[in-house]
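Taken from Swiss-Prot as is:
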| type | residues | note |
| --- | --- | --- |
| ACT_SITE | D123 | active site |
| ACT_SITE | D141 | active site |
| TRANSMEM | 12-32 | transmembrane segment |
| TRANSMEM | 70-90 | transmembrane segment |
| TRANSMEM | 102-122 | transmembrane segment |
| TRANSMEM | 137-157 | transmembrane segment |
Amino acid sequence: MSKPLCSTGLRWLWLVVVVLIIDLGSKYLILQNFALGDTVSLFSSLNLHYARNYGAAFSFLADSGGWQRWFFAGIAIGICVILMVMMYRSKATQKLNNIAYALIIGGALGNLFDRLWHGFVVDMIDFYVGDWHFATFNLADSAICIGAALIVLEGFLPKKQA
């Protein structure tokens, strides 16, 4: 017997749409207003810097000849499907897990769109301290990391009694 979607974690799919709009919108603005490698200082320790990532996190496998584009696209699709099944199986009231899953799905879809449309992921956030720069990243990456952190956090919280 099927259950109403609004009673499942899929009720939180609106957050996927919000993440996608913000992520793709920020990437569109970078692509329209920056040349590759351009940098604009926002404030101390934070720049906007247009970079292309042909690999995964920290440009992992970026120089692998192109096959990695499809490999990482497949991983993103698989993760999105698995997390949507998990959202369907969970209750809408399990907010922390469902928010985490929605953030990860939204981020994964944002980067998947880049891979399929451009052949690379658009990165633009350059955080640094002194001369040390963290890897350039984007809002989709941030959503994925926040979602993963929420899943870890949920594991440490006491379970509610049924």
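Backbone N, Cα and C atoms are what each Cβ position is placed from, and that goes for glycine too.
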**Within-chain partners of the transmembrane segment (137-157) [C-beta distance under 8 Å, separation at least 6 from its ends]** = 19, 22-23, 26-27, 57, 96-97, 99-104, 106-111, 114, 121-125
**Asked** How many Å separate the Cα atoms of D141 (active site) and D123 (active site)?
**Response** 9
**Request:** Determine, from DSSP, whether D141 (active site) sits in helix, strand or coil.
**Result:** helix
**Prompt:** What three-state secondary structure does DSSP assign to D123 (active site)?
**Reply:** strand
